[in-house]
Amino acid sequence: MTMESGADNQQSGDAAVTEAENQQMTVQAQPQIATLAQVSMPAAHATSSAPTVTLVQLPNGQTVQVHGVIQAAQPSVIQSPQVQTVQISTIAESEDSQESVDSVTDSQKRREILSRRPSYRKILNDLSSDAPGVPRIEEEKSEEETSAPAITTVTVPTPIYQTSSGQYIAITQGGAIQLANNGTDGVQGLQTLTMTNAAATQPGTTILQYAQTTDGQQILVPSNQVVVQAASGDVQTYQIRTAPTSTIAPGVVMASSPALPTQPAEEAARKREVRLMKNREAARECRRKKKEYVKCLENRVAVLENQNKTLIEELKALKDLYCHKSD
């Protein structure tokens, strides 16, 4: 037992000495490793494909070549795809922008056209107003109109119109209409109708004018018609038409016979057309029913004829039978 314990003590002492020496060697190796790290350098003949060779100088002066464990990175076999930058043009946005530009230009053109045109509401208000003055339509004057020379004033003779009843109608430049009978004195039988808005217009246009009678009543009539109020209070409309210059002297225009207002005439014509259409439909229906009735009668006659034939044959047979029995 004593020998075993002594051996154990010796082993433990040796282990302690060994540990102390290892610690001392480790402490001494640290500056040596630092020295080696300072002295070490890569081999000059090392290439990228061969492993790196490092020269290590020991403390005793010996030099040792150490191959590096860390190898240089080899080029990868997998190649990364080439990235190409593609510029995509947005067609939809360009079309939208083009449409927006077109809409802006269209709206500008429409605004310019509306600014050039006269105000239709203003014209309607002027026509519906009771003011005897001539309405004015303000329009933008073009450069050609502003640069046009001065217009000379020409005096036009007063036109005289004669109706089929013998009345004379004179229209002055101010828009007044004077009426005179053929058999009466010119001063006593003179009637004046004041027409507003009697300005000259372009041919082919229809202008409604106000005709003022002697009692102060205003009537809206077309520019080519004349309204005449008789002594009894009846108002008649005369439509003026220009006759050929070969038959009548210039300045004299014949007027047609008094015409009914257009609206009642159109209403009467429409009613007449409706009545005629209904009559045609009724006559067509009557003819159809008549044909059906005649056909039915013909069928009945044919049936009765067949029955009559059968009865005649039966009568003959009975007569023959009676004759045979009597014999």
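Going from the start of the chain as shown, residues are counted 1 onward.
Cβ coordinates come from backbone N, Cα and C, glycine included.
SER119 is the residue among SER49, SER119, SER164 that Swiss-Prot describes as phosphoserine. Around the Cβ of LYS290 (SUMO1 cross-link), 10 further Cβ atoms fall within 10 Å across all displayed protein chains.
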